[in-house]
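Peer 1: Structure below; questions to follow.
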Amino acid sequence: MSDGNTAAAWVPTGSVTVRVPGKVNLYLAVGDRREDGYHELTTIFQAVSLLDEVTVRNADVLSLDIVGEGADKLPTDERNLAWQAAELMAEHVGRAPDVSIMIDKSIPVAGGMAGGSADAAAVLVAMNSLWELNVPRRDLRMLAAQLGSDVPFALHGGTALGTGRGEELATVLSRNTFHWVLAFADGELLTRKVFAELDRLRRAGDPPRLPGPGPVLAALAAGDADQLAPLLGNEMQAAAVSLNPGLRRTLRAGVQAGALAGIVSGSGPTCAFLCPSAAAAVDVGTEVSGVGVCRTVRVASGPVAGARVVPAPTEV
């Protein structure tokens, strides 16, 4: 713990803003339930251009404010992962978490895009910069994994192969830009309930398992959306659709509108549609919006970088 005489020397004034992306799962294979209740996952994440902005300032006490879409649905206390990230980072360096956090949400809430995990990753990066801590990237990843299995990818960004609970990451070569339409269905799907439903379905008759991720990795390396489209797969999709049958209509609407393929992303209820071009994605998004099968539609592209500090505007 630092003493009051030295603290001022290593606490610069001002603020730091970090942009951080949401994610889609292009491939998700789920192992059987382990004794500890978790499932081994093999997944391919891609960070996409729906970004939250997280600003951290020095303050007298820890506080959290949230604006933007769905902000009223989120806690602004210790229940929020961003708050927990501030406490964890401060504990790691032996300080009090005396910062104010402002989150401007563009990643839809409860959309399965790991927006809460993204905000937690952004807080780690912002505090590291604001306090000039120089905590190495390796240690940031360790802290991120303590917060949750999706937090390390929000730091990593790009495209990655995740194993374990999804937190053990290997960078994946992804040439070219892929264009997505993201349709956020009505209703929430709690991840634990989707896993439980998948366990039930497997006991009853075992929905088909995906082949290994090799062909998906090859399509990403080739940068070929037509090659990637038929390979998109999610073993949780059957469980998500079982709990929310309306997802079938959403998936059908996207493909009928011209998407190359559609998939439930992660545990849902987001449906991700791969499109052949940016213009096609706009057309598909417009058509899906008009059909009334979901609450929100967004157009995005990927891969994009993980949590990064926004450069301060230069003085003229």
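Our numbering is plain: 1 for the first residue shown, then up by one each step along the chain.
Keep in mind that glycine also has a Cβ here, set from the backbone N, Cα and C atoms.
So Swiss-Prot lists these for the protein:
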type: ACT_SITE; residues: LYS23; note: active site
type: BINDING; residues: PRO108, VAL109, ALA110, GLY111, GLY112, MET113, ALA114, GLY115, GLY116, SER117, ALA118; note: ATP binding site
type: ACT_SITE; residues: ASP150; note: active site
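So where do these features actually land, and what's packed around them?
Peer 2: The Cβ neighbour count for LYS23 (active site), using a 10 Å radius over every protein chain in view, is 33.
Listed in sequence order, the residues of the same chain lying 6 or more apart from ALA118 (ATP binding site) and placing their CB within less than 8 Å of its CB are VAL20, PRO21, GLY22, LYS23, ASP52, ILE107, ALA154, ALA307.
Residues within less than 8 Å, Cβ to Cβ, of ASP150 (active site) and separated from it by at least 6 positions along the same chain comprise LYS23, ALA114, SER117, GLY166, GLU167.
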Peer 1: Determine the most Cβ-crowded residue among the binding-site residues PRO108, GLY112, using a 10 Å radius around each Cβ and all protein chains in the structure.
Peer 2: GLY112
Peer 1: List the same-chain residues at least 6 positions away in sequence whose Cβ sits under 8 Å from the Cβ of GLY116 (ATP binding site), in sequence order, or say none.
Peer 2: LEU74, ASN80, LEU81, ALA82, GLY148
Peer 1: Starting from the ATP site formed by PRO108, VAL109, ALA110, GLY111, GLY112, MET113, ALA114, GLY115, GLY116, SER117, ALA118, give every other residue of that chain whose CB sits within 8 Å of the mean position of their CB atoms, in sequence order.
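Peer 2: So the additional residues around the site are GLY22, ILE107.
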Peer 1: Once the chains shown are all counted, how many other Cβ atoms turn up within 10 Å of the Cβ of ALA110 (ATP binding site)?
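Peer 2: 17, counting other Cβ atoms within 10 Å of ALA110 (ATP binding site).
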Peer 1: Taking DSSP three-state, what's GLY112 (ATP binding site) in: helix, strand or coil?
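Peer 2: DSSP assigns GLY112 (ATP binding site) to coil.
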